[in-house]
């Protein structure tokens, strides 16, 4: 039994014997913790311990919950379960700070998507070049190019296989929510980054570790990166950068959508590329950027024009 499983069992016994929670409530807490534990899996043979969770991991987890389109009440219940669990660990001196203590839920669609400005995006790409392992450096660069160049979810990126990525045609077959499939194109930068990664990183690492699976993105042992594994890689890239603002991986998806709309893409096209079932989800991106709004305002609003 892992340390994570031991702590969960300890907590559930506490809820039953000391707090006298109902079986339904305990079951809900157990499911929330099981889901969180699955989220913390980095690869087939490694996972974060609950006691290692920091603010970045919590932000990534919250982003993952919102990405899965859970109802607001469902997210609230999951966060409540996590906060109670970490309060329990803190009281028993397993941790010093509850990472869920100050988590605030988004209000219903009131919070606009956060995205990277181009200078911030460039900083990330430069930071990806700083991985000291030359093979993992190529992976980091390819990973960023794919996430930004396609706008796919981190979970969808973890599901990419060699067969679903057509390098010649520059298109990916994505397995989205509800097992819905969609084709997503990508550009020359992602194509070249993947070609370099396949030839000089993925192939030799797989051979060295006698791995034979088809997952596109791998760790240094050749095992497939999970959703949390990809988020961990992105966390490391951010730490190597000079960016100081709070960042979560979903911002690359937001940036992709925002940049498409900034450059004139049709809202329906963006909806299809993102795999949104409802146009209302895509319409959140029509906030665009302040610069774009000001440019349009100054270009088209009559009373901003120069007097003749």
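Just so you know, glycine gets a Cβ as well, placed from its N, Cα and C.
Unlike curated records, TrEMBL annotations are generated automatically.
What TrEMBL says about this protein:
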- 153: active site (ACT_SITE)
- 177: active site (ACT_SITE)
- 250: active site (ACT_SITE)
- 253: active site (ACT_SITE)
- 276: active site (ACT_SITE)
- 285: active site, O-(3'-phospho-DNA)-tyrosine intermediate (ACT_SITE)
- 2-90: domain 'Core-binding (CB)' (DOMAIN)
- 111-298: domain 'Tyr recombinase' (DOMAIN)
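Structure with TrEMBL features highlighted.
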residue: 153; record: active site; contacts (Cβ under 8 Å, 6+ apart): 67, 176, 250, 253, 275
residue: 276; record: active site; contacts (Cβ under 8 Å, 6+ apart): 282
residue: 285; record: active site, O-(3'-phospho-DNA)-tyrosine intermediate; contacts (Cβ under 8 Å, 6+ apart): 113, 254, 257, 258, 261, 270
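Annotation for the active-site residues 177, 250, 253: lowest Cβ count within 10 Å of the residue's own Cβ, 177. Per DSSP, the domain 'Core-binding (CB)' (2-90) is made up of 67 helix, 5 strand, 17 coil.
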